[in-house]
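S.K.: If you look up Swiss-Prot, you'll see Cys365-Cys411 marked as disulfide bond. The annotation N-linked glycosylation site is assigned in Swiss-Prot to Asn164, Asn255, Asn267, Asn290, Asn297, Asn344, Asn351, Asn399. For 1-32, the entry in Swiss-Prot reads signal peptide, with the evidence type sequence analysis. According to Swiss-Prot, the feature topological domain 'Lumenal' maps to 33-412. If you look up Swiss-Prot, you'll see 434-463 marked as topological domain 'Cytoplasmic', on the strength of sequence analysis. Residues or ranges marked as transmembrane segment by Swiss-Prot: 413-433.
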Amino acid sequence: MMAATVVSRIRTGTGRAPVMWLSLSLVAVAAAVATEQQVPLVLWSSDRNLWAPVADTHEGHITSDMQLSTYLDPALELGPRNVLLFLQDKLSIEDFTAYGGVFGNKQDSAFSNLENALDLAPSSLVLPAVDWYAISTLTTYLQEKLGASPLHVDLATLKELKLNASLPALLLIRLPYTASSGLMAPREVLTGNDEVIGQVLSTLKSEDVPYTAALTAVRPSRVARDITMVAGGLGRQLLQTQVASPAIHPPVSYNDTAPRILFWAQNFSVAYKDEWKDLTSLTFGVENLNLTGSFWNDSFAMLSLTYEPLFGATVTFKFILASRFYPVSARYWFAMERLEIHSNGSVAHFNVSQVTGPSIYSFHCEYVSSVSKKGNLLVTNVPSVWQMTLHNFQIQAFNVTGEQFSYASDCAGFFSPGIWMGLLTTLFMLFIFTYGLHMILSLKTMDRFDDHKGPTITLTQIV
């Protein structure tokens, strides 16, 4: 109810900016009980009455992808055809509380332009906690609804564009300063991003272009406490320490003029002659990762990762993928043709033909490994001294939009161990029910005065 009041107050345009930021600080309580996989989403438009009251936005509520689509559909179908997506690297609802003008202290607010835009917008919507999966597919969803490919723009490019109110346009604006945010204070990063938002909106206002804008982030900037600590576990034991959540590293991205290949894994380990090494920290989140040899086109892609020294030599891993059109399904499908490991002039080949899916999707699998206990998706024709295991593996080499994966085609089969267990349990219970019903229907009532073996009893009527 609290968050619904916030959204309603902003939407009608009667609430002032200080009230909005004070309300956002209260909504931050809802995000405190969520996990680290939620980010806020702020929407506003130059048209009126695009969003109905949000009845489900209460403390602790997390907006799913299906609920988000119900909020976005009216704006995309009835609102302006020009959509702006401001995408930050990190953002959490707590940032609005910590760095916004919550109590009227507007001179210290890091969101002055955003605050002004929401205050003047005829329609606006604030969702404090949106599921990370819904945000990761937001660009693809907007592209499908608008029927327009996303266009990565900056301030210089935006001034040269001639936007038309009748033609759909999806403008993706990656806010700057994110690459060097580790060297800057959070307030400076947010202030710089807010200035970019203000300049973009000023450009659209000068051209009198109707628009719908959205501000969100790739991942949260703050790790929220677990719900058990907030709701029911406030009493801590003596000498108890809070376990730190593992950091979520960004995917490896190969770029030429734009991001072309995305690769991610929760754990990336290789073994040479049964000596295992973890390459996760050497691969993800590393600025100087050696991608020499990688290339991409519409039908063929190769991601090349080089490490030196590794096992005393220079080792290169090559993920080779191809995209082909299949008339039967009338769509393009991609497949990873092979995985190569180059070292000391020798090459080890792994067949990974099961890594496949529609080209508009990414591929995800819990384990892609040469170890038989973990699925054995990496197959070699001859015995090899190399072994590899990728945990929570995900890759996309075609139709990449920004640095976010599209919907994932998962490797999980239908008859998984859990499904088999459920089916067998259901069949067993059904057998017991059928047998019991059969026994009940087979019951016959016995007349204790009826003796089928003896003579029939006859009664003579005496008058």
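Each residue, glycine too, has its Cβ placed from N, Cα and C.
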S.K.: Using Cβ atoms only, which residues of the same chain lie under 8 Å from Asn399 (N-linked glycosylation site) while being at least 6 residues apart in sequence?
M.R.: Ser359, Ile360, Ser406
S.K.: Using DSSP, would you call Cys411 (disulfide bond) helix, strand or coil?
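M.R.: Its secondary structure by DSSP: coil.
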S.K.: Using C-alpha positions only, work out which of the recorded positions Asn164, Asn267, Asn290, Cys411 is nearest to Asn297 (N-linked glycosylation site).
M.R.: Asn290
S.K.: With the cut-off set at 10 Å between Cβ atoms, which of these disulfide-bonded residues ends up with the most neighbours? Options: Cys365, Cys411.
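M.R.: Output for this query is Cys365.
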S.K.: How big is the Cα-to-Cα gap, in Å, between Asn351 (N-linked glycosylation site) and Asn255 (N-linked glycosylation site)?
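M.R.: If we compare the Cα positions of Asn351 (N-linked glycosylation site) and Asn255 (N-linked glycosylation site), the gap is 26 Å.
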S.K.: Would you mind pulling the DSSP three-state label for Asn344 (N-linked glycosylation site)?
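M.R.: DSSP assigns Asn344 (N-linked glycosylation site) to coil.
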S.K.: Going by Cα-Cα distance, pick out whichever of the glycosylation sites Asn164, Asn255, Asn267, Asn290 is nearest to Cys411 (disulfide bond).
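M.R.: Sorting the glycosylation sites by distance from Cys411 (disulfide bond), the top entry is Asn267.
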S.K.: Which one is it: of the glycosylation sites Asn255, Asn267, Asn290, whose Cα lies the shortest distance from the Cα of Asn344 (N-linked glycosylation site)?
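M.R.: The smallest Cα gap between Asn344 (N-linked glycosylation site) and any of the glycosylation sites is with Asn290.
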S.K.: May I ask which residues of the same chain, at least 6 positions away in sequence, place their Cβ under 8 angstroms from the Cβ of Asn267 (N-linked glycosylation site)?
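M.R.: Residues satisfying the criterion: Asp278, Thr280, Thr389, Leu390, His391, Asn392.
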S.K.: Which of these recorded positions is closest to Asn164 (N-linked glycosylation site) if you go by CA atoms: Asn255, Asn290, Cys365?
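M.R.: Given the candidates Asn255, Asn290, Cys365, the nearest one is Asn255.
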